[in-house]
Amino acid sequence: MKLRIISVGHKMPDWVQSACTEYTKRMPREMNVEIVEIKPDKRASGKNAEAVQEAEAKRILEAAGRDYLVALDEHGQEVTTLQLADKMRGWMESGRDVSLVIGGADGLHDSLKHKADWLWSLSKLTMPHGMVRVMLSEQLYRGLSVINNHPYHRE
């Protein structure tokens, strides 16, 4: 199974890349993790936030293809680590690849949220883009450690 983290944004600082790499390299071989960066649309020439979101949504959906689509959104469902592990177990059993989407500065377009198979909230807080990437990478690793009975996660 492939986990694809699709992230709208610019090149991240070294600490973000280093932390994400640390968690993704710990993943088992059968869990391939790929980070796909989508260039953010510029708010030039009178483009409003919705037009920017819509253009980004099209590129995100192209990158996701037919994957199970998870959109990270502050209004999404909050879950515990064990609930996330159950979700991930279901993804693995389905045989589909999974794309997890982090929106740009203006967030995700409503059309993408409606197409998502699951809206997931890491937190109700607004967080820096890089921090979300790191938290997402860590939570995916933690969920897999629960599935594989690895001692990384403790209840």
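Note that Cβ sites are derived from N, Cα and C of the backbone, with glycine treated the same way.
LEU72 is the residue from LEU3, LEU61, LEU69, LEU72 that Swiss-Prot records in the S-adenosyl-L-methionine site together with GLY103, LEU122, SER123, LYS124, LEU125, THR126, MET127. For the binding-site residues SER123, THR126, the ranking by surrounding Cβ atoms (within 10 Å, all protein chains) places SER123 first.
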